[in-house]
Each structure stands twice: as structure tokens, then as C-alpha cells.
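Per Swiss-Prot, these features apply:
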{"type": "BINDING", "residues": "Arg48, Arg54", "note": "NADP(+) binding site"}
{"type": "BINDING", "residues": "Arg125, Ser126, Ser127, Asn238, Ala239, Gly278, Lys293, Pro294, Thr295, Ser296, Ser297, Arg319", "note": "FMN binding site"}
Amino acid sequence: MSGNTLGLLFSVTTFGESHGPAIGAVIDGCPPGMTLSAEDIQPDLDRRKPGTSRHVTQRKEEDLVEILSGVYEGKTTGTPICLLIRNTDQRSKDYSNIAETFRPGHADYTYWHKYGIRDPRGGGRSSARLTAPTVAAGAVAKKWLREKFGIEIHGFMSQLGDIHIPFMDWNEVPNNPFFAPNAEIVPELETYMDALRKDGDSVGARIEVVATGVPVGWGEPLFDRLDADIAHAMMGLNAVKGVEIGAGFHAVSQRGSEHGDELTPEGFVGNNAGGILGGISTGQDISVSLAIKPTSSIRTPRRSIDKAGDPAVVETFGRHDPCVGIRATPIAEALLALVLIDHALRHRAQCGDVSVETPAIPAKAS
């Protein structure tokens, strides 16, 4: 397989390239009978789309989604749902100077060796442009999870470069272009990004995403553990170089007496496990953290080679995000939703008749 599909029972296959006529996704396995329209999907696409502030790429794409199949009289039919997003603001000439060279840190070199051909326009299939159909499919998954289980999925940026963003208020996340949960730090982030763009450089970020309301019992040990599938999906997001579940790498310095979340009749005392034990959801919040590397396409001259193997200097003049992490929050939310809906359907298929009434403890201790 070519690695373009995520999920087993709720599977999503994306298609297209950054500068092609359109990009999109085909969802196979969406349960029938759910009301669905473009208006259910568009808000998440609007959160991700480019050109929304001076701190992201200035490529102007409306990212209007079209539902081509799988919906009849406003309801899903259980047949494949095709979602289409047309590209309208390509500038392929911006990439003519890198067609024969390889950008340091980019997929140019590896795509060339794997396929013997590559599309240099905007990175082709390796472009973050291809996260738009993922977000569209994720919006469908979010809706089903919310309506069937009351599950809510929200994300935020917790670090931009070396600036840590203390969590203050979920309500602040939609009020700034950084998805930062802290209004007080936004001016500092803006100043930082303005200087970075002036320097022609880029920077990384850390994104947190949380799912609340997930029932206990989702996940398939051993190799399809819920946390393993979450990590697999998140690593499929452009520029992600690390994934943590719960305490993550902090678990290295914790003792067992500290890390193991104690159970009481009133609930779990902590959530170092990130809502997952033995690959199966505990009923607590599922918490995931992503490390996103700096954008590879920058104006700063970098040493490289051309297709003949000769030395070259690469400068990229296209419209690029100086920090791809700024727009990554809705993408991370979508990926978590896609993994959760797939495991919800898998759990229903195998264990739908299983009912364990006791013990049942709250997700959090009071």
C-alpha cells in the first residue's frame, strides 16, 4: 500500500497535490443516518486555512469544501463520502529555482530517491496543503463522536520556539491566530514572529490536544493500542517529530509511586497515563502533545546539492508558514477524532454487547 489511508473501519484516503487543480478525501465506513452538510465541515477548515494573519503563509485559499457523494437528503448513506477542495491560488513559478535542487530538511531528496520523479511546486504531495482534506474528514468524525458520545476535542499551542505559553483559558484559544490559551502572551508571540519573518527564518512549536468524554474500553491490544494508533496518526502530520501521551517523556524521571494514577471510588487521582492504560481508554481525558519542527522552506541561503550531486545554494521564495505549528491545532484535533471514531466502531463491532456495570468510577477525583 502507498500509505495514503488512515483507519480500518472508518478509513480516510486523501488525494491531490499542493499545486494541482484540487485536493480531497474519501471517507469509507461513515455510519449512515447522520445529518451532514458542508456547513458542518467548513468551520474547521476556516480555522486551518492559509492567509488568515500575517504570521502564516499569504497564499489565499478559501478552502470551500464540496460533498460529492455519500450524502442524500442531508444524511449520510453509509457509502463513501468524497470531499473536494479546489486549489485557486497556486504560484508554481515561485518554485522554478528549486526544481533541480533539494531543500535542506524537506522531503525533496527522499521523494526523488523513492519515486525517481517529484513535483517541486509547493512540495507536491508532501505539502502541508494536504492537511486540509484531513481536517475536513476530521470534522465529520468530530460530529459523529459528539452526537453519539458527547466527546469534545480541543487543542491549543503551548510553546512557540523558546516561548512557553502558560495555560489560562480555553475561551482565549479562538481569539488569536496562534490558538494560544493566554491573551497576555499574544503580543510577545506577535513580536517574535515579526522578527522571525524579517530574518527569513522559521521556528517550531508544541501543540496540545485533549479529548473529553471518551468512554472506557476503546483500544485494541497489543499492536493496535489506542495510544499507538494516535501516535501513528500524529506522526503522519507534516513536520511532527515527536508525540507524547499523558506525562510522555516526563515519565522517565518519575517514580512508579508518582506515575501510576491511583484509583479511588471518587475517581482517578491523576492522569499521567493520558487517559490510556494497556492501550485501552480509561474514561479520562485523552491528552496528546506534539513537537513540530521549523518549516524547511526559508529565505535564508542554505547549502545543498543538485540532481547531479554538485554543490548548490538553496533559497526558497514561495509563500510559506514561518511556523507550521501555528495552523496545526485544528489538524491535530482532526487526527485525534479520526483515530477515536475508528476505534469506536471497532469496539462496537467486537464488544458492543459487553456491559460491565461495576466498578465504575468518575474520570476525575472530586
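Placed from the backbone N, Cα and C atoms, the Cβ positions cover glycine too.
Positions of Swiss-Prot features highlighted on the structure.
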residue	record	Cβ contacts under 8 Å, 6 or more apart
Arg48	NADP(+) binding site	Asp63, Thr131, Ala132, Val135, Arg327, Pro330, Ile331
Arg54	NADP(+) binding site	Met193, Asp194, Arg197
Arg125	FMN binding site	Gly16, Glu17, Ser18, Tyr111, Asp119
Ser127	FMN binding site	Glu17, Ser18, Asn238
Ala239	FMN binding site	Ala128, Gly204, Ile292, Lys293, Pro294, Thr295, Val324, Gly325, Ala328
Thr295, Ser297 as binding-site residues, winner by CB count within 10 A: Ser297
Reduced DSSP assignment, Lys293 (FMN binding site): coil
